[in-house]
Amino acid sequence: MYKLVLIRHGESTWNLENRFTGWTDVELTPTGVSQAQQAGRLLKEGGYEFDIAYTSVLKRAIWTLWHALDQMDRTWLPVAHSWRLNERHYGALQGLNKGDMAKQYGDAQVLIWRRSYDTPPPALEADDPRGQRQDVRYAKLDAEQVPLTECLKDTVARVLPFWNDSIAPAILSGKRVLIAAHGNSIRAMVKYLDGISDADIVNLNIPNGVPLVYELDADLKPIRSYYLGDAEAVAKAAAAVANQGKA
């Protein structure tokens, strides 16, 4: 049996302000730092050990991973960064308040933008300063690989090659893997692992800063999965994520 641990980054400044974040590179709040540290403590108390960690190229996930590893006294672990683990790109919604958008367009439309599988938000213009095509961290990518908007289907399409080429081989080689990423890049992996339908994925919400453990069989099929920590607190945190897009 293999184990895989996924952690969504701790609360960010734009989570706190209820803004669509996407590829915008924002900081953790003090609460987010505490959540990341608590994740590390839970992993240490549970006796978890890791051989390699993966994260995105966005600092809210990078710092979450670092704070968790610091609590485990494992900051020396090798870490692989990939843009493929970035949050879903929210296009022209990036930086806008979710509640304000719900008041303007209705809760149902914002839910579609936030959670539907194949409906992307309105795209950014290519020269919009909120975009990332001039960002040095993406300089080696083709322009079309740096999105102007994404739906979850698009996110799955970029996450799965990294899973298949890097993460899955590491697990199968016996390495114990920790991934710190984002709500939608984790939803993409969970959808794939659990075989969640396109329709049902709308109901999946990933809480900030809570370790999600997968026990996998020899074919990397889930035996079971569970969050570490207090079940009631985890459920409340997931419900809070679900309510972010309401007026």
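Each Cβ is built from the backbone N, Cα and C atoms, and glycine gets one as well.
What you see is a predicted model, and the numbers here were worked out from it, not measured in a lab.
Residues annotated as active site, tele-phosphohistidine intermediate in Swiss-Prot, with sequence analysis given as evidence: His9. Here Swiss-Prot flags Glu87 as active site, proton donor/acceptor. The substrate binding site annotation in Swiss-Prot covers 8-15, 21-22, Arg60, 87-90, Lys98, 114-115, 183-184 and rests on sequence analysis. Feature annotation from Swiss-Prot assigns site 'Transition state stabilizer' to His182; the stated evidence is sequence analysis.
Mapped onto this structure are the features recorded in Swiss-Prot.
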| residue | record | Cβ within 10 Å |
| --- | --- | --- |
| Arg8 | substrate binding site | 30 |
| His9 | active site, tele-phosphohistidine intermediate | 32 |
| Glu11 | substrate binding site | 22 |
| Trp14 | substrate binding site | 20 |
| Gly22 | substrate binding site | 27 |
| Glu87 | active site, proton donor/acceptor | 26 |
| Arg88 | substrate binding site | 29 |
| Lys98 | substrate binding site | 22 |
| His182 | site 'Transition state stabilizer' | 27 |
| Gly183 | substrate binding site | 20 |
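Cα distances from the residue listed as 'active site, proton donor/acceptor' to the binding-site residues Arg8, Glu11, Gly183 are smallest for Gly183. Taking the C-alpha positions, the distance from Gly22 (substrate binding site) to His182 (site 'Transition state stabilizer') comes to 9 Å.
Cα-Cα distance from Gly183 (substrate binding site) to His9 (active site, tele-phosphohistidine intermediate): 8 Å (rounded to the nearest whole number). Of the candidate binding-site residues, Glu11, Trp14, Arg88, the one lying closest to His182 (site 'Transition state stabilizer') when CA atoms are compared is Arg88. The secondary structure of Glu87 (active site, proton donor/acceptor), as reduced to three states from DSSP, is coil rather than helix or strand.
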